[in-house]
Every structure is written in structure tokens, then in C-alpha cells.
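Below you'll find the structure, written out as C-alpha cells, and then a few comments.
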Amino acid sequence: KHSHRAVTKVTPPLLERRARQRQPTVSVLKSKLKQGVTCSGPRVRSTLTGFFPVVRWLPKYKLREYVWGDLMSGVIVGIILVPQAIAYCLLAGVEPIYGLYTSFYANIIYFLMGTSRHVSVGIFSLMSLMVGQVVDKEMFLAGFDLNEDSGPDVFNATLGINLTAGKLHSVELMGLQCGKECYSISIAAALTFLAGVYQLVMAVFRLGFVSVYLSSPMLDGFATGASFTILTVQAKYLLGLKIPRHQGYGTVVVTWINIFANIHKTNLCDLITSAISISVLVAGKEIQERYKDRLKIPLPTELIVVAGATLASHFGELNSHYGSSVSGHIPTGFIAPQVPSFSLMPRLALDAIPLAVISFAFTVSLSEMFAKKNGYTVRPNQEMLAISFCNIIPSFFRCFTTSAALAKTMVKDSTGCQTQVSSLISALVVLLVVLYFAPFFYALQKCVLACIIIVSLRGALRKFKDVPAKWRASRNDGIVWLVTMSATALISVELGLLVGIVFSMICIIFKTQNPKVSLLGRANDTDLYEDMDEYKNLMPPPRVHVFRFQAPLYYANKDSFLRSLYKAVGVEPFLELTKRRKAEKKAKEMSSKQAKANGDKNNGEVVIGLIQRELDFHTIVLDCSAIPFIDSTGMVTFKGLVKEYKEIGVSMLFANCNTSVINTLQKGQVFGENDKDMSSLLFHTVHAAVLHANSTSTESKSEDSVV
């Protein structure tokens, strides 16, 4: 035995840690600063081409190969964009022309700055809804009348006195009195500018990781919940009801109550138009889906409906005869750039945060999804820069917040889009409408626009079909989806987003607080140890408990760890110690009584000896293979366990620890001063720990027998 020990001292350990030297922080900062400040020709060139990726790919454009696909998809997306741009202004609470401006500028800026070839950036129903809620809230606070029929005179922004617009609010914009239209777009532009600035800050400080916290079930739930809100907000237009948009929480519930309370005021003309429009739009979509292999290009159903409805409304004079609400005059041409109103920004600072995060999350996730599908890569940080400038620059031209839109991106992909040249084509289609065709939409009924919005929500509302599959695949994901969807639909869009993020995180914390714990057994005569509940024919090592905890050990799950360990091994050290002390006391009393009777003094000690050996195990091996890290609380827990179990004669050994756990244990002196007990407490495998436990117990037994 002695010779064997001498040999083990000489042989070097199986694994030896490297001595790591940390570089001083000052020198690291200096080198990074030097790297960042140095300027050279190639560096300037690469920075510029990085900032405007169009410079890299446009010279390599294969005209013959790409041009038809880009032209086709650009025209088709442009045709879809025009009615949607006018329709989504109903959601955003601004005049139709601003939707066209937004689509035009966003497409051009993304063409210059985007790294994705397929993503279509522009107006998006969810963004429009979120902008609209803020616009309506601010208009309400400013004392404007939010009823739809506030009179055509409101369009004249410079009109001094206007009774129909309620209290006219004066905002320092070009020194003019600002009417209803002017004030609503001022809010939207200021909000968009702020959202763009937040995105720019996120891009500069590389805070793209924020999107990591937006899990896909949460985003799906959020989109579906918001779709309910969009549908609710638009429902009044289908019936031609003049109800102001509800302010505050519970929009969906309150709006439906208002709709049913006012249902007797339904405009029959609008109701019939809505029924026809929805039937045609849904039929068009169904035909498109059923015969998508044969139809190379999607049917321009929206444009057909818009053209037909406009002609019917114009020649049937539906506005004057039946009081049907129409889009009104849409001016042509562009307006001079104007600085967004800085006086409004302090009030909008918080409202812009969810807009910025959601806009960037949808853009980055969509661009990555289509890049993976088509076999190229995108740069997430550049995508953030692109979307931030798609918001900052257009905000000077009276536009509202944009992001990548899934439906239009899918249309682009399916119609043979090859590069972002298609975005340029779409922008040109919108430009034609802005310059020449906008006035033709004067007689277009608002209910038709609402139909376009509602039919475009089919995709999001269809997610309900996937809920059972989601639930079966992961109950956790299913619950996150349901909670986010319910909170978004029933409380409000912004709070729904917050609830979704917080709830997703709570689910993860809950998982680590109640992780799987198991006792391990040995497979036949191998050195493999596995969970005895999960595998057959495993034998627990004699008089040794091998315990595995499958989560990081930190302040939140310390108690859960201790409870599960005590339950698994069947012994709680503190209670065991108390029990023994009581038994010792009893035994001493008994022995003293017997001593008085017999004059014998050894009996008590024998009883105490028997009490101390009543445990059926002598060692606990803690398998740390599934513990990625421990914090100071976890370290103190380990230290306490070693000490407490030692007091009742049980050894505590650690196996399979990663270096991060070992470092924390060393810092907390769990292995004694200068790690003197490290070799007897820490093992690379469970088997090595079990062998060590058995050898030390046999040694102690032989020593006892000698004594």
C-alpha cells in the first residue's frame, strides 16, 4: 500500500490546468482604441461599402439573368403596395398620401443600405397600428375631436378658426397653426424619428442581441394578438360606423361593445360593399394558394377590388347618396422636407421604444430567414443601420415607422426577385401614383381599405391552427404564445410585448428552479453511470449515492437543489445530527442508570458507536456535468454541504465539474487553503470518485478494526 502511494505521488496528474495570465485592462483598451482610430485608404473604402452595400453588389449585377425576375417582382409588389399604403393610413391615423410617401422612401433607402436581397421594407400593419395608437392618444390629449366626420375643412392645415376640429392645437411647426391632419402627421413623424434614433444607437453600440429575448413563439403570439386589435380597429369601417378609437387598455373589448351598441347606425351601402370586397379578396387569395404552381405571378386582387370599388363609388355617387365615407382628396407631388417637431419628442420618448424594437426584430429575423432559404448571408448590424435610416430620413418627409413586411417579402420571393433592384422598381410604381394617379382614389370607400387590411391578416390569424402542434412539441412555447397573444389582444399592444418578454424569461427561470434531478447507477461492469429512472438494468454503487442536478446552481434555485438532494439520499445532515444528539443523550442517561445499577461504564459508549453507524451510505458523489455555472450562493451551498455531511460521517465528492465551476469552488476555498484537499474532493469522472470513495471507506474500516 505504501509503495503504491509513493508511485501515485510521482506520476503527474492526468489533466493539468494552464496558468492563464490576464492582460492589463489599460493595454487592451489602448490596442482597441488604436485599432478603431487608425485610418487608411482600404479601411475608408471598406467602411463606405459596408455602409452602402449597393456599391458592392450593383456593379456585379447580371443583367440578362436577373432583370426579368426583379422587374416582375418589383411591379407586382408595387401594385400590391399602392392600395395597402392607402389602407394602412387608416390604422396609422394619418392621411393616405403619407402612406405612399413612406413606401417610396423606405424602398429606396433599403435598396441603398440593406444586405438582404429579398426583404420588402415598407408599411407594415403592426407598425401602422402602433403608430396609430400613439397618434390617437396624443390627438385626444390635445383636445381634437376624434370622430371620422370632422368635416373636409380640417384638411386645410393653415385655417385659423375651425369649429369642427374642436380645440385647435398650436404646434411650433413652420410657425403655423396646426390643424388635425397636420398635427397627426407631426406626431407620427416625430415618433418615427425617435424610433430611428433608438435603432441607430442600438446599431452603433451593437445592441442587436436585444432581439435574442424576442423568442419566435412570443413574436408569433404578439403578431396574432395585434392582428385581433387591427381587425377590431377596422371593424367599424366595414359597417360604416363613426366611433372614435378607444384610448387606453382593453381596446378590443371596449370597441366591440361600442360596435354592438351602435350597430343600428350601420351604413347599408358600406356593409354591402364590404361583403362584396371581402368575398372577392378571399376568393382571389384562395385561387392564388390553390393554383400557385400554375400561376407564375400573384393575382393583383387588391388592385382589381380598389379599381372596381372606386369606379362604382364615383359613378354611383355613393358618398352623396348614401353617406358612405370615402378617402377624400389625395394631393399629388412631394412636400419640402421638414424637421420633425422636437417639442413633441419628450412625450413620445417611451412610446418609440417598442416601435424601434419590434421594427428591427421583424426586419432582422425576416432578412435572416430569407437569406438562409436562398443560400446567402446578411449582416444583422447593417440591417439595423438600414432600418434605422429607413425611419430617420423619411421622418423629415412626413412618413411613419416602417419595417420588413412578411407578406410582401414572400410575394417578392415567389415572383422571382433576385436583388434589391426590385425595391427600386416598386418605388417607381409608387412614384407614378404619387405624381399622377393619386387624385383618382378620391371616391374610394374607407370600408374597401378596411377589407384589404382585414384580409391581409389571414396569415397571422391562421396561427391558431398551429397551436395544438406547438403545444405537443413544447408546452412551454405553447403557453408563451397563448399568454403573449391574450395580453396583446386584451390589454394593449405595447403591454402585450412587455408581458411576452417578461413571461418568456420567467418560464426559463422556472425551468432552472425546478430542474430534473436524478440518482445515477452503473451499467454492468463499465465505468458508465446514468439516470436510474430513465434506463433499465443499472446498479447503484454500494454505499455510495451518485446525484445529478441538471441546471446552473445559483441564488434562485439553491433551496430547490438542497431539497432534492436531501430527498434523493434520504438524509438531511442537520436533522440527522439533532437525532443523534438526542439519541446520545438518551443513551448516556440509560448508561448512567445502568452504571448505577451494575457499576458498568462501557455500555453507553457501545450504544453511541452503534448509533453513529446506522446510515446505509458513506459517500455522496455530486455529478456536476449538467451544472454549467454556479454563483457565490451556489459555492457557499457546496461548501456548507461538505462541512455538514462530514459532521455525520459522510464524504461529499465532486465529479465532472467544468473549469468555470472549479474556479468558483477554488475562490471560495471549498478544497481548503491552497487547494490542499483538491485531489481527494474533485474527480474528472464519476467512476473515479466512486472508486476513491470505496477505497477510503475500506481503509477507514481496516483502521477501525486495528483500533
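Note that Cβ sites are derived from N, Cα and C of the backbone, with glycine treated the same way.
TrEMBL lists 534-693 with the feature domain 'STAS'.
If one looks beyond the transmembrane segment (66-88) by at least 6 residues along the same chain, the residues whose Cβ comes under 8 Å of a Cβ in the stretch are 96, 99-100, 102-103, 120, 122-125, 128, 297-298, 300, 302-303, 305-306, 327, 330, 408, 411-412, 415-419, 421-430, 433, 441, 444, 449-450, 452-453, 456. Positions annotated as transmembrane segment by TrEMBL: 66-88 (among others).
Residues annotated as transmembrane segment in TrEMBL: 108-131 (among others). Note on the transmembrane segment (108-131): residues 51-54, 77, 81, 84-85, 88-89, 91-94, 99, 102, 188, 191-192, 223, 226-227, 229-230, 233, 354-355, 358-359, 362-363, 366-367, 370-371, 374, 376, 378-379, 382-383, 385-387, 389-390, 393-394, 400-405, 408-409, 411-413, 417-421, 423-424, 426-427, 453, 456-457, 493-494 of its chain, located 6 or more positions outside it, place their CB under 8 angstroms from a CB of the stretch.
Among the features that TrEMBL reports, transmembrane segment is placed at 182-201 (among others).
The transmembrane segment annotation in TrEMBL covers 221-239 (among others).
Beyond the ends of the transmembrane segment (386-407), by six or more residues, the same chain brings 92, 94, 98-99, 101-102, 105-106, 109-110, 113-116, 119-128, 130-131, 185, 188-193, 195-200, 202-203, 334-335, 337-340, 355, 358-360, 362-363, 366-367, 456, 459 to within a C-beta distance below 8 angstroms of the stretch. Per TrEMBL, transmembrane segment is recorded for 386-407 (among others).
Positions annotated as transmembrane segment by TrEMBL: 419-437 (among others). Same-chain residues lying 6+ beyond the ends of the transmembrane segment (419-437) with a Cβ under 8 Å from its Cβ atoms: 54, 57, 61, 66-67, 69-71, 73-75, 77-79, 81-82, 85, 97, 100-101, 103-104, 107-108, 110-111, 114, 116-117, 120-122, 332-334, 412.
For the transmembrane segment (481-506), the list of distant contacts is 126, 129-130, 133, 213-215, 217-218, 220-222, 224-226, 228-229, 248-253, 351, 354, 357-358, 463, 467, 470: same-chain residues at least six beyond its ends, Cβ to Cβ under 8 Å. Among the features that TrEMBL reports, transmembrane segment is placed at 481-506 (among others).
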Rounded mean pLDDT for the residues that make up the domain 'STAS' (534-693):
86
